[in-house]
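> Provided herewith is a single structure, encoded as structure tokens, for subsequent inquiry.
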Amino acid sequence: MPKTIKKVGVLTSGGDSPGMNAAIRSVVRTCAYHNIECIGIYRGYQGMIEGDFKEMGPRSVNNIVNKGGTVLKSARSLEFRTPEGRIKAHENLVKAGIDALVVIGGDGSFTGALLFNSEFNFPVMGIPGTIDNDIFGTSHTLGYDTALNTVVDVIDKIRDTASSHNRLFFVEVMGRDAGHIALNAGIGAGAEEILIPEEDLGLDRLLESLQKSKASGKSSSIVVIAEGDKIGKNVFELKDYVEANLPEYDVRVSVLGHMQRGGSPSCFDRVLASRLGVKAVESLIEGKSNYMVGLQNDKISLTPLEQAIKGKTEIDRELLRVSEIMST
Ligand code: ATP
């Protein structure tokens with residue numbers, strides 16, 4: 001028989017992402033539905049170490065489903081990386097009567113959760129919250145869909161000015177290790193070329209492609225570049241390179257930055273967050289631990305945290321082909 005769970009702690013950790021609030025709301029309300037107490041832990045693992053806790057009832061999460069960021073705040077805690085920090089955190093959880101933990105965050109947060117479980121045999125469940133969509137075991141992380149919509153919206157606006165002035169725009173989007181945002185938003189926004197960390201397009205091909213598009217009658221173009229693109233040049237170096245080799249182009253650069261993390265979550269992210277929160281709490285009630293809840297083939301699934309951390313997400317190669325055909 002699994003140990004009966006009476007009190008669940010919930011925290012958000014690492015970079016924030018739209019949909020985290022909807023996930024907190026879901027965890028709190030699922031606990032209330034099953035007559036379990038829920039404690040909000042502020043500032044991720046740092047708040048766990050400092051005992052920064054607050055009891056959360058179903059009415060405490062009114063009007064947050066539509067809000068970006070996280071009402072519990074997030075943090076990167078160096079102290080939690082030390083055994084002493086984790087001992088303090090464990091003592092605080094025990095003192096507060098918390099018997100299980102829901103961690104909303106990225107792979108770093110999951111690594112911390114898994115370590116915490118192995119040291120104290122403390123039940124943990126992960127909800128993937130990061131805009132990069134780089135976590136194995138889920139087709140979508142919380143915030144990814146919203147970030148795509150934000151990026152597409154901004155590129156649409158950039159296109160208006162690009163076409164009015166016959167300019168070439170380089171738009172840098174988030175994605176140090178994964179090109180999901182660049183590839184999907186690039187296709188959605190009709191980019192001419194998309195540079196991602198997983199694929200080495202090569203500088204020659206970029207020039208060739210831009211020349212071809214000019215020759216085919218396009219007077220303005222948009223190139224979407226992930227932060228960590230494989231060519232290894234930053235967006236400003238790329239601009240200099242293209243201008244040096246294709247002087248007919250007037251290249252402008254737009255770095256989208258943190259705006260991609262903000263904003264009201266899309267309906268998709270709100271629904272996903274609600275489903276993931278329910279599954280996380282109900283899995284803990286069933287006595288499960290060390291899993292990440294995720295979305296696979298449109299169904300909510302469980303993936304061992306260890307796999308979620310170690311597994312690699314692959315770029316959809318068919319999308320690369322689609323992107324190439326669309327830039328004809
Ligand atoms: P994002 O995808 O936004 O970067 P993340 O969850 O991967 O989110 P990290 O900063 O890597 O963000 O991790 C969040 C926190 O998890 C860290 O500040 C730290 O407290 C904890 N953590 C990460 N790795 C470890 C580890 N190896 N041991 C203990 N704790 C860890």
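Residue numbering: from 1, along the chain as shown.
Glycine is treated like the rest: Cβ placed from N, Cα and C.
Take a look at what TrEMBL says about it:
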type     : residues                                                                                               : note
ACT_SITE : Asp132                                                                                                 : active site, proton acceptor
BINDING  : Gly15, Arg76, Ser77, Gly106, Asp107, Gly108, Ser109                                                    : ATP binding site
BINDING  : Arg25, Ser26, Val27, Val28, Arg29, Arg159, Gly190, Ala191, Glu192, Lys218, Ser219, Ser220              : ADP binding site
BINDING  : Asp107                                                                                                 : Mg(2+) binding site
BINDING  : Thr130, Ile131, Asp132, Arg167, Met174, Gly175, Arg176, Glu227, Arg252, His258, Met259, Gln260, Arg261 : substrate binding site
DOMAIN   : 7-283                                                                                                  : domain 'Phosphofructokinase'
> Enumerate in sequence order the binding-site residues Gly15, Val27, Gly190, Glu192, Met259 whose Cβ-atom distance to ligand 1 is under 6 angstroms.
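Once distances to ligand 1 are taken from each Cβ, Gly15 fall under 6 Å.
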> Count the Cβ atoms, other than its own, that fall within 10 Å of the Cβ of Gly190 (ADP binding site), considering every protein chain shown.
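So the Cβ neighbour count for Gly190 (ADP binding site) comes to 16.
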> With ADP as the bound species and Arg25, Ser26, Val27, Val28, Arg29, Arg159, Gly190, Ala191, Glu192, Lys218, Ser219, Ser220 as its recorded binding residues, calculate the greatest Cα-Cα distance and give it in Å as a whole number.
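Max Cα-Cα spread across the ADP binders: 53 Å.
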> Nearest by CA distance to Met174 (substrate binding site): which of the binding-site residues is it, out of Gly15, Ser77, Asp107, Gly190?
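Closest recorded candidate to Met174 (substrate binding site) by Cα: Gly15.
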> Tally every other Cβ atom lying within 10 Å of the Cβ atom of Ser77 (ATP binding site).
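Excluding its own Cβ, the number within 10 Å is 22.
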> List only the single closest residue to Asp107 (ATP binding site), chosen from the binding-site residues Arg29, Gly190, Ser219, Arg252, Arg261 by CA-CA distance.
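That would be Arg261, the closest of Arg29, Gly190, Ser219, Arg252, Arg261 to Asp107 (ATP binding site).
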> Of the residues named as ATP binders, Gly15, Arg76, Ser77, Gly106, Asp107, Gly108, Ser109, how far apart in Å are the Cα atoms of the most distant pair?
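The ATP-binding residues span at most 14 Å between Cα atoms.
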> Show me the subset of Gly15, Arg25, Ser77, Glu192, Ser219 whose Cα is within 10 Å of Arg261 (substrate binding site); these are the binding-site residues I mean.
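Of Gly15, Arg25, Ser77, Glu192, Ser219, within range: Gly15.
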> Measure from the Cβ of Gly106 (ATP binding site) and count the other Cβ atoms within 10 Å, all protein chains considered.
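A count of 23.
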> What is the Cβ neighbour count of Arg261 (substrate binding site) at a 10 Å cut-off, with all protein chains included?
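Other Cβ atoms found within 10 Å: 20.
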> Considering the binding-site residues Arg25, Arg176, Arg252, which residue's Cβ sits among the greatest number of other Cβ atoms within 10 Å?
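Result for the most crowded candidate: Arg25.
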> Find the one among the binding-site residues Gly15, Val27, Arg29, Arg76, Ser219 whose C-alpha lies closest to that of Met259 (substrate binding site).
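Going through Gly15, Val27, Arg29, Arg76, Ser219 one by one, the Cα closest to that of Met259 (substrate binding site) is Gly15.
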> I'm trying to understand the geometry here, so how far is the Cα atom of Ser109 (ATP binding site) from the Cα atom of Thr130 (substrate binding site), in Å to the nearest whole number?
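The separation of the Cα atoms works out to 11 Å.
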> Taking every protein chain shown into account, which of the recorded positions Asp107, Asp132, Glu192 has the largest tally of Cβ atoms within 10 Å of its Cβ?
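Top count of Cβ atoms within 10 Å goes to Asp132.
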